[in-house]
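What follows is a short report on a single structure.
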Amino acid sequence: MLHRAVGLRYQNAGKIARKLGQVRNLSIHEYRSAELLRKYGVGTPAGEAAVTPEEAYAAAKKVGHNALVVKAQALTGGRGKGHFDTGLKSGVHMIETPEQARDLASQMLNHNLITKQSGAKGKLVSAVYVVERVNAKHEAYLSILMDRKSQKPLIICSSEGGMNIEDVAKKNPNAIKKFYVTESEGLTPGMAAEIAKNLGFSQEAEADAADAVTKLYKIFKEKDATQIEINPLSEVSGQNTKVMCMDAKFGFDDNASFRQEEVYSWRDLSQEDPDEVVAKKSDLNFVKLKGNIGCLVNGAGLAMATMDVIKLYGGDPANFLDCGGGATPETIETAFKLILSNKNVDGIFVNIFGGIVRCDYVAEGLVAATKNLSVTVPIVARLQGTKLEEGQKIIKESGLKIYSFDELDPAAQKIVELANA
Ligand code: GDP
Ligand code: MN
């Protein structure tokens, strides 16, 4: 039995930890990243974003080249090899005229782009980015990220970049080089030059490559990025620099949002799970899982214990929902709404430890939410802590079908029994 519990903790721990706040991340659209690159003097093709077909037409005219690329803006990787829910192939198209930009924009905007990374439903395309088509002589790969193990910024580069980077990692791992940056020293000119030599560029492009890498590292530090991925980083001709970022994916540390106002103003809610947006507004941590028992708990540790014990009795959690210190009637109601919006849910398990929040107050919230939302699935509430008896009394006197417990094991057993009935 113990093994099963440990197994579950292992399966869900990563996913839950990522959502718990320590490592929440903001992603921004490619066209926003390009704006940031330009600000720091890093080469990137000229481009204009558009949110309507007419705007795309105007954007193409403004960019003013007769070789252009239209790129779907959706927060997912692998767009070039993706396809749309309409059947249209690829989120990256080479075009020649503003009319084509308009036509492609109408086929891309507000449709879902499905890629290897997007999940089966795909990601909504909320904008298109029309860029000048730059002639690339060679495509390399470069990323900067925070290495968890060493707690140091890590720069990864490959002389073979572009759309097949996953294959390179498998078939030619020697092409991929790693460089650890010591934060006190920063990225030294020597290391930047060494990285530039490992990109497979011609010698005359190396100085510009080192310059680009140095500036990218500056962005990484100054903007509290957790990740910058440039793929491809290309050697180009006919530009005022020999090296350009043709695509950029940036991730930013949520914990630094207070000092990165501009970056955070670029958040695109259409790219996020609407339920998670609602949850976040109420300071709830919400992670969807595959089972049928909705869980509401307070505290991350209690959440993990709750999920383990449900699994132990043969149940399967539908979600993880942590209301932290804010188990107010309003947050409980929001939490119930989120849980019940999942049609798989056959029962709700509430496991709240009343410390700062008193059990009687939590019980009032539970009763109100159950009445207001006319909840029909069974509810098991395990309350512990201050004013427990008063809390249980409120539940009992409500006449509602809320099963009240003060011990975790019998409570978990009960909800599993009810949900599986
Ligand atoms: P991703 O598939 O989501 O990574 O999208 P990218 O922005 O990387 O575009 C896919 C591919 O299109 C890149 O790997 C490039 O080979 C190519 N590409 C994108 N923009 C340009 C451009 O301006 N010029 C050229 N020559 N190729 C481009
Ligand atoms: Mn790319």
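Counting begins at 1 with the first residue displayed.
Placed from the backbone N, Cα and C atoms, the Cβ positions cover glycine too.
Annotations in TrEMBL come from automatic prediction, not curation.
Model, not experiment: these values are computed from the prediction.
Following the DSSP three-state reduction, the secondary structure of G80 (ATP binding site) is coil. Around the Cβ of G80 (ATP binding site), the number of neighbouring Cβ atoms within 10 Å comes to 16. Feature annotation from TrEMBL assigns ATP binding site to K71, G78, R79, G80, E139.
The 10 Å shell around the Cβ of N231 (Mg(2+) binding site) contains 21 further Cβ atoms across the protein chains shown. In the three-state DSSP scheme, N231 (Mg(2+) binding site) falls into the strand class. Residues or ranges marked as Mg(2+) binding site in TrEMBL: N231, D247.
The feature substrate binding site is assigned by TrEMBL to N298, G355, I356, V357. The Cβ neighbour count for I356 (substrate binding site), using a 10 Å radius over every protein chain in view, is 11.
In the predicted model, the domain 'ATP-grasp' (34-278) has a mean pLDDT of 95. Per TrEMBL, the feature domain 'ATP-grasp' maps to 34-278.
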E139 (ATP binding site): tally of other CB atoms within 10 A of its CB: 22
E139 (ATP binding site) as reference: those binding-site residues from N231, D247, G355, I356, V357 with C-alpha within 10 Å of it: N231
Residues within 8 Å of the N298, G355, I356, V357 Cβ centre (excluding the substrate site residues themselves): G325, A327, I352, F353, G354, R358, G385
Of R79, G80, N231, D247, N298, I356, binding-site residues neighbouring ligand 2, Cβ under 6 A: N231, D247
Entries of R79, D247, I356 (binding-site residues) sitting next to ligand 1, with Cβ under 6 Å as the cut-off: R79, D247
Nearest of the binding-site residues (K71, R79, N298, V357) to N231 (Mg(2+) binding site), judged by Cα-Cα distance: R79
